[in-house]
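Novice: Relevant sequence annotations retrieved from Swiss-Prot are reproduced here:
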- 22-42: transmembrane segment (TRANSMEM)
- 48-68: transmembrane segment (TRANSMEM)
- 91-111: transmembrane segment (TRANSMEM)
- 135-155: transmembrane segment (TRANSMEM)
- 163-183: transmembrane segment (TRANSMEM)
- 188-208: transmembrane segment (TRANSMEM)
- 245-265: transmembrane segment (TRANSMEM)
- 283-303: transmembrane segment (TRANSMEM)
- 321-341: transmembrane segment (TRANSMEM)
- 363-383: transmembrane segment (TRANSMEM)
- 400-420: transmembrane segment (TRANSMEM)
- 423-443: transmembrane segment (TRANSMEM)
Amino acid sequence: MKNVEILLDDPKKAVIEVSKPIIVATFIESIYSLVDSIWVSGLGADALAAVGASFPILISIYAVSWGLSIGISSGIARRVGAKNKEEADKVANHAIILALIAGILYIIAVYPNLDTLFSLMGTYGDCKSLAIKYSSILVLGTVIFTICDALYGIFRGEGNTKIVMIASVIGTLTNIILDPIFIYMLNLGISGASYATLIAIIISLLILAYELFIKKSCYVTVKLSKFKPDLKIIADLIRVGIPSALIEITVAVSFFIMTSIIMMVGDSRGLAVYTGALRITEFGFIPMLGLASGATSVIGATYGARSFEKLKTAYFYTIKIGVLMEIIIVALIMLLSPILAYLFTYTKTSMGIHEELVKALRIVPLYLLFTPFILTTSAMFQGIGKGEKSLIISIFRSLICHISYAYLFAVILGLGMFGIYSGLVVGEFTAGIFAFLFGVLAIKALIKSK
């Protein structure tokens, strides 16, 4: 198939061709994330803060589904590179079953404990009740997220990212349309945003399922009726999937701790500003995430084919494109910060944070300049099936660098919210240097071992 040929061709061309649809999809998703927050912010600062407080919960859902999805992409890509279709088919079958089990286990573990989790984060009053209302609906729909991302992983693994883009964009546009209808017209408030998200994910899932099971446009063949557990495949998916999931969980834990630090030096107002700044900054982060996602498939295929020089080319080219992209995005966000801030301060209940949000948008986006080194290196390790090394990078980045610098600047040095923003940037810079050196040494070792 053409998408498989692209994966095994020129690595620079492959990175661009595989990543383009994912970048488009993730860019549209970032627009949704922003629009979602804009509609919610119309309910007041407490509602926007509630979405921010829910971030660790949402990230943990994302961790389970996306972590498994990365494991699936890597597993299939490596087998495509090795030209072993039978094993790729087995990975796809295991993917769907494991996604179902993971989703059910998550619901059982998290849903009964939401109240306790938000209390531990230091949220209280209206902010806490709104956060529970917003996140509980999404938690109950976790199985939908996990199965949908498993199918995304199957298509990405074979380089068929056009289908990924179509399903994602249609789902996202549906979400954007449904948000104001559910939140305001149906008077569901913050719960309406959650219902809109679930319906959108279901639509994306149906599109992917149609392509895989009915149209059969996929390179791999999925026949669940012939599923037989294979411990070797399960172990392979777990080796990449669990560290990938833990990477997202470290981000959630980091935000959990960061929320506590923010509440120490500020209040729900400070959290609302931080949340707004992050949502706008996602415009820069999420396209890079799409580029790294494409790189995972390309690097996985080159690794499976044992073409380590191509792997090296794909790695450095992805970083180069990522840095150039981030420079442009950061410049635009900082230049347009007074205008962008109005996206979250357009009502009487939220206009009081406009000036603070503008200040945040002139500092926070700077961390994006160092993100390509981190995400590309993490994608490289995931692609070659060494997810535990990606986890090491994430722990160093989120739990050591971000938290340590934020606490140092905000609390110990008494810089308040400015310290939070500065800590994020300095932490990303430090983690970027570490990740890049780690990646370069790993590639040298691969080339030497051949």
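Just so you know, glycine gets a Cβ as well, placed from its N, Cα and C.
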Novice: Determine whether the transmembrane segment (400-420) and the transmembrane segment (245-265) share at least three Cβ pairs under 8 Å, counting only pairs 6 or more apart in sequence.
Specialist: yes
Novice: Six or more residues beyond either end and a Cβ under 8 Å away: which residues meet both conditions relative to the transmembrane segment (135-155)?
Specialist: 54, 57-58, 61-62, 64-66, 68-73, 76, 92, 95-96, 98-100, 102-104, 106-107, 110-111, 114, 161, 163-164, 167-168, 191, 194-195, 197-198, 201-202, 204-205, 208-209, 211-212, 218, 220, 222
Novice: Name the range, of those listed as 91-111, 188-208, 245-265, 283-303, 423-443, that has the largest tally of Cβ pairs under 8 Å with the transmembrane segment (22-42).
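Specialist: The stretch with the most close Cβ contacts to the transmembrane segment (22-42) is 283-303.
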Novice: What residues elsewhere in the chain lie close to the transmembrane segment (163-183), defined as a C-beta under 8 angstroms and at least 6 residues from its ends?
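Specialist: Same-chain residues near the transmembrane segment (163-183) but 6 or more away: 21-22, 24-26, 28-29, 31-32, 35-36, 39-40, 42-43, 152, 155-156, 189-193, 195-197, 199-201, 203-205, 207-208, 211, 217.
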Novice: Can you tell me which parts of the same chain pack against the transmembrane segment (245-265), counting only residues 6+ beyond its ends and a CB-CB cutoff under 8 A?
Specialist: 52-53, 55-57, 59-60, 62-64, 66-68, 120-123, 271, 274, 378, 390-391, 394-395, 397-399, 402-403, 406-407, 410-411, 416-417, 419-420
Novice: Are there residues at least six beyond either end of the transmembrane segment (91-111) with Cβ under 8 Å to its Cβ atoms? List them, or say none.
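Specialist: Same-chain contacts beyond the flanks: 57, 60-61, 64-65, 68, 72, 75-76, 79, 117, 136, 139-140, 142-147, 149-151, 153-154, 157, 218, 220-224, 226-227, 229-230, 233-234, 236-237, 241.
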Novice: Mind checking which residues reach the transmembrane segment (423-443)? Cβ under 8 Å, same chain, six or more beyond either end.
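Specialist: Counting only partners 6 or more residues beyond its ends, the transmembrane segment (423-443) has Cβ contacts under 8 Å with 308, 311-312, 315, 319, 363-364, 366-368, 370-371, 373-374, 376-378, 380-381, 389, 392-393, 396-397, 401-410.
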